[in-house]
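Asks: Below are the features listed in TrEMBL for this protein:
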BINDING   S9, F10, H17, E98, Y122, S123, F124, L125, S126, S127, S128  ATP binding site
BINDING   S9, K41, L73, R87  substrate binding site
DOMAIN    5-132  domain 'Cytidyltransferase-like'
SITE      H17  site 'Transition state stabilizer'
Amino acid sequence: MRRVVCPGSFDPVTNGHIDIIGRAARQYDEVVAAVLTNVNKRGLFSVEEKLAMLRECTANLENVQISQFNGLLVDFCRDNGIGAIIRSLRSVSDFDYELQIAQMNYRLAGVETLFMTANPQYSFLSSSLVREIAQYGGDVSSLVTPDVEQRLRDKYKDRDSS
Ligand code: PNS
């Protein structure tokens, strides 16, 4: 069984993430999309909301599981029999950052990191930009699923009225 993890903050999951998870699911027996639940890094969405969004947008992918982790990613990999981490590269600056983490994760636990180049359609896309556009009422319909788009709308409506 070749099981890999697609880890991330997923705040929120974007079409770029979905593209990577879907492509990984075609290459491996099982893909675990794992949400970091770092208590020190409060996101726009709660962990429960992030998990729900991921479940919704991967419901058609039979070999994708949704999970969460706290602490070191390599510990999550060890506890779940995962031998490799999939990370997306959108740009050279992504690579500069990811290379160091990948080498450290290998040094810590022998866990491999496999880089998947981002679909050029989404190479400019990030969760933080999606949040910013949505916050100011911009159109994110081509960047996230309709479910995520609605949740963003609700989130900022709640914030505006509070
Ligand atoms: O979506 P992101 O924010 O780019 O995801 C980053 C993530 C969650 C993959 C990364 O921050 C991570 O693995 N955090 C867990 C702590 C850890 O293992 N850090 C690496 C130490 S070398």
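Each Cβ is built from the backbone N, Cα and C atoms, and glycine gets one as well.
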Asks: Do you know offhand how many angstrom separate Y122 (ATP binding site) and L73 (substrate binding site) by C-alpha?
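Replies: A Cα-Cα distance of 25 Å.
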Asks: What is the number of residues in the domain 'Cytidyltransferase-like' (5-132) that are helix, strand and coil, as DSSP sees it?
Replies: 58 helix, 29 strand, 41 coil
Asks: Write out the long-range same-chain contacts of S9 (ATP binding site), meaning residues 6 or more apart in sequence whose Cβ is under 8 Å from its Cβ.
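Replies: Those within reach of S9 (ATP binding site), by Cβ under 8 Å and sequence separation of 6 or more, are V35, L36, K41, G43, S127.
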Asks: Near ligand 1, which of the binding-site residues show up if the criterion is a Cβ under 6 Å from one of its atoms? Options: S9, Y122, S126.
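Replies: Within range of ligand 1: S9.
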Asks: Please work out which residue of H17, K41, R87 has the most C-beta neighbours within 10 angstroms of its C-beta, and give that one of the binding-site residues.
Replies: H17
Asks: Of all the Cα pairs drawn from S9, F10, H17, E98, Y122, S123, F124, L125, S126, S127, S128, the residues the record ties to ATP, which distance is largest, in Å?
Replies: 18
Asks: Using Cβ atoms only, which residues of the same chain lie under 8 Å from S126 (ATP binding site) while being at least 6 residues apart in sequence?
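Replies: Result: T14, G16, R90.
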Asks: Counting only residues 6+ apart in the same chain, whose Cβ is under 8 Å from the Cβ of L73 (substrate binding site)?
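Replies: For L73 (substrate binding site), the qualifying residues are V5, P7, A34, L36, I85, N105, V111.
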